[in-house]
Amino acid sequence: MTKYTSINKSIINSSSATENYIIIWLDSDINHTNENTKNSFHSIKHMINSFETFNNIDECSNYFKTINNEQIFLIIVDSFDQQHSHLNNLIKETIQINSVYIFSNDPLKEKSWEDESKKIKGIFTEIKSIINVIEQNINSSKQKYSTTSIISMVDMNFDELHPSYMYSKLLIEIILKINYDNKAKKDSFDYCRKYYADDNVMLKAIDEFEQDYQNHSPIWWYTKESSIYILLKNALMTDNIDMMIKMGFFIRDVHQNIKTIYSQIDRTVKFIVYRGHEMLDVDFDKFIKYKGGLFSFHGFLSTSTNQETALNFANTAKLYDNKIGILFEMNIDPLMCSIPFASLDKTSYYLEAENEVLFATHSIFRIGDMNQIDDRLWKVNLTLTCDMDEQLKILTYHIRNEIQGITPWHSLATFLYKMGKYDEAIEIFNRIVEVTNDNDNEKFMTTLSSTYNNIGLMYDSMGNYSDALSWYEKALEIQSNSLPSDHPSLATVYDNIGMVYRSLGDYTTALSYCEKTLEIRLKSSSLDQISLTNVYSNIGMVYESKGDYSNALSYYEKAYEIQKSSFPLDHPSLTLSYNNFGGIYSLMGNYSNALLYYTKIIEIQEKSLPSYHPSLAFTYNNIAHVYQLMGKYTISLSYYEESLKIQDKISSPNQLSLASTYNNIGLIHRFIGNYPIALSYFEKTLLIEEKSLKSDHPSLALTFNNLGTVYQSMKEYSTALLYYKKTLEIWQKTLPSNHSSLAAIHNNMGSIFDSMDDYKQALSYYEKSIEIQQASSFTNHLDLASTYNNIGEAYRSMKDYPNALSYYQKTLEIEQKYLSSTNPSLAFTMSNMAVALEANNQYEEAYEYAERAVDIFCQAFGPNHSQTIVNQKYCDQLRQKLLPVN
């Protein structure tokens with residue numbers, strides 16, 4: 001079998017629902033034009049924004065699977081006469097369903113529903129009655145679920161808090177430092193109006209909030225169940241960064257209100273408060289193992305000094321088969337922990353505030369004794385603490401310093417950048433430009449150039465290189481006119497411009513900018529070693545892109561030496577070096593070392609980043625790429641899909657990173673023979689790249705190459721050759737003459753002529769490929785093996801079996817040295833050898849290699865894969881030839 005090179009792209013380097021309740025109307029005969037129906041829907045929308053309708057049970061069931069955090073209130077119009085059993089099973093199995101209401105004109109039908117599920121609240125003949133009951137349940141749930149806690153343990157390490165706690169806490173710290181002007185407050189109100197655009201009741205409440213805000217305390221507004229209250233509580237509960245920023249002024253005011261009351265209390269008095277809570281069975285099974293561990297609340301924490309009040313909330317869990325009620329008894333010693341709290345007896349909207357005590361955000365408790373009170377009801381002792389996961393404390397300190405800006409707004413923008421929220425960061429940077437005054441011209445110009453550079457960095461991170469370059473050049477123009485030529489700020493912009501040119505495939509220009517950066521950094525009187533890290537790393541990346549792996553590795557090692565002496569071992573900054581090492585070792589065929597470094601990155605990122613951060617997607621992509629090169633396609637595909645899942649959830653995904661993931665998934669499908677699927681992914685890749693890159697960018701050539709490999713596999717040789725020629729044209733223009741990619745495309749073009757039976761032409765391309773690889777400063781041995789195999793194929797087709805076997809043997813020796821024993825490339829080579837040996841009348845040796853090939857195909861692809869079946873048949877044919885003739 002001819003082998004051609006598919007060149008892989010390895011990447012080196014969400015807004016949740018704002019309400020926790022959704023009403024779903026299920027009716028097989030729904031009529032949106034009917035006046036009664038329209039009035040019913042209007043009434044429901046007045047109560048809640050999240051409302052969906054379905055006329056098909058299966059579609060409704062599929063929608064349930066997309067719901068993660070919301071509770072579902074399901075209204076079933078009794079038009080599914082023959083499907084009650086199916087619906088009852090669905091209701092039981094869907095844990096997100098809070099309660100079910102049957103809307104029917106025939107109360108006698110109740111018997112077909114009764115006792116089927118505790119979630120079914122009855123048969124209703126009027127929609128008004130259903131709305132009243134749902135409204136009561138939602139109000140009850142709001143009290144139970146406000147400031148729902150996050151169980152902050154990881155595996156069995158009791159003293160670890162989830163990294164989301166750190167990021168949420170850092171964001172609140174920034175928000176508390178911002179001085180919100182009237183424009184910022186107006187932006188918040190406008191945001192609320194936009195969210196509740198179709199709800200006149202809520203819009204009226206927002207108007208009231210804006211007009212009367214100064215007439216009451218922030219806590220008064222917080223305890224009043226207004227539109228702002230709902231948005232804020234859900235933002236804090238779900239760590240919704242966008243909404244927390246929009247609600248920033250209110251968070252700050254409520255916090256300040258709590259602090260003011262806290263400053264007036266006697267802190268020597270210990271006391272106990274209570275909180276009723278519900279927890280899913282599966283979560284409680286984990287929670288009960290964590291006695292002695294830490295438990296955190298991200299939002300404002302509402303508690304009561306009245307145990308019975310809290311117990312009533314906890315008892316409501318008994319209404320559900322899949323929930324446990326918990327009565328938290330919280331021991332508070334103000335001298336042991338300084339988190340602010342306030343008694344709401346005189347400040348709440350409600351005159352009878354149920355002895356409520358409100359704590360500031362991010363309170364941490366140590367879990368104590370747990371005792372079962374009753375069936376599905378437990379009492380858990382918590383003690384307020386200032387203890388914190390030590391590793392997270394160190395990490396928080398470093399990240400806090402990294403995001404520190406000259407103003408809180410700068411810190412906020414940098415924080416958003418760290419979180420991968422680039423569009424939102426650009427919005428903040430643009431705001432900084434708007435509000436920066438030019439009274440102090442020098443300071444104004446410095447701020448302006450810095451902000452332009454940062455906006456460029458955001459576009460750069462999104463893969464929008466033309467806009468990134470435009471903003472960097474704006475920053476450079478200001479700095480060149482106002483700063484000396486060796487000023488460190490110029491070095492930063494030079495470095496960024498250099499990396500854009502690398503991304504655009506202009507390596508000569510990229511290297512010249514990186515060298516300017518290094519020159520300035522080394523001359524600096526206050527040499528910052530950490531600033532050299534990025535310079536060395538970036539120069540290494542340019543050399544890697546040029547195919548000069550030894551120089552690349554040398555610069556990566558320089559960067560790492562600085563980093564490991566400057567940061568704790570689990571600091572996210574170290575992932576830069578680990579990523580560089582993973583990428584270069586992958587390119588050099590040292591896959592075990594590549595996986596070792598990528599695994600280190602995952603360990604750091606899972607402890608330090610939110611679950612859907614772009615960096616995690618990049619790392620999953622890189623791990624998948626290594627497994628792909630090792631021939632472990634199932635594992636590889638699972639990592640690519642994990643990467644894609646994250647990128648789909650990012651509000652502003654890097655389009656070129658998305659293209660890379662599509663490309664790599666396409667490669668996997670080509671390797672396992674799913675050619676139409678492979679084509680679809682490569683075409684998705686091409687669509688993004690043609691919009692984002694110039695027409696002669698090397699990455700575009702990679703995609704043309706991979707499209708060519710698929711068409712070749714489909715025996716559409718003329719189309720394949722067309723794509724290969726496009727690839728060759730670009731690479732001859734943009735890459736050095738000894739670049740490994742040029743060797744690969746010559747190999748691929750040779751394989752096309754091989755398939756078209758033009759063996760002399762094929763051999764000439766293969767020999768050119770070998771010539772380039774041997775002239776390269778670094779040879780990828782597996783690429784060399786691929787070309788040796790193809791030369792063997794050409795000689796076998798020409799019936800020159802001794803030469804064919806000689807090249808096959810060279811191929812096998814390299815593959816056995818650098819590949820795992822189950823890699824399918826070994827099987828292809830052994831299969832080729834078997835065919836040549838059979839043609840040379842060496843049947844026993846042929847059978848031996850054919851049998852080994854079948855064994856590997858079976859392990860790699862499974863017994864039912866086409867390659868396994870075809871090669872097994874061939875093996876059986878050889879066995880027959882070895883049988884004695886009667």
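Going from the start of the chain as shown, residues are counted 1 onward.
Keep in mind that glycine also has a Cβ here, set from the backbone N, Cα and C atoms.
Automatic prediction, not curation, is the source of TrEMBL annotations.
Here is what TrEMBL says about this protein:
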REPEAT    406-439  repeat 'TPR'
REPEAT    449-482  repeat 'TPR'
REPEAT    491-524  repeat 'TPR'
REPEAT    533-566  repeat 'TPR'
REPEAT    575-608  repeat 'TPR'
REPEAT    617-650  repeat 'TPR'
REPEAT    659-692  repeat 'TPR'
REPEAT    701-734  repeat 'TPR'
REPEAT    743-776  repeat 'TPR'
REPEAT    785-818  repeat 'TPR'
If one takes Cβ-Cβ under 8 Å and requires six or more residues beyond its ends, the residues near the repeat 'TPR' (406-439) are 167, 170-171, 174-175, 177-179, 241-242, 245, 399, 447-448, 451, 454-455, 457-459, 461-462, 610, 613-615, 650-652
Under 8 Å between C-beta atoms and at least six residues away from its ends: which parts of the chain pack against the repeat 'TPR' (659-692)? 6, 8-11, 463-465, 617, 621, 624-625, 628, 633, 636-637, 640-641, 643-644, 647, 699-700, 702-704, 706-707, 709-710, 713-714, 824, 861, 865-867
Give residue numbers and ranges for long-range contacts of the repeat 'TPR' (743-776): same chain, 6 or more residues beyond its ends, CB-CB under 8 A. 2-5, 7, 547, 701, 705, 708-709, 712, 715, 717, 720-721, 724-725, 727-728, 731, 737, 783-784, 786-788, 790-791, 793-794, 797-798
By a Cβ-Cβ criterion of under 8 Å, what residues six or more beyond either terminus of the repeat 'TPR' (701-734) are in contact with it? 4-7, 9, 505, 659, 663, 666-667, 670, 673, 675, 678-679, 682-683, 685-686, 689, 741-742, 744-746, 748-749, 751-752, 755-756
For the repeat 'TPR' (449-482), could you work out the same-chain residues 6 or more beyond its ends whose Cβ comes under 8 Å from its Cβ atoms? 413-414, 417, 420, 422-423, 425-426, 429-430, 432-433, 436, 442, 489-490, 492-494, 496-497, 499-500, 503-504, 614, 652-657, 692-693
Taking the repeat 'TPR' (491-524) alone, what is its mean pLDDT? 89
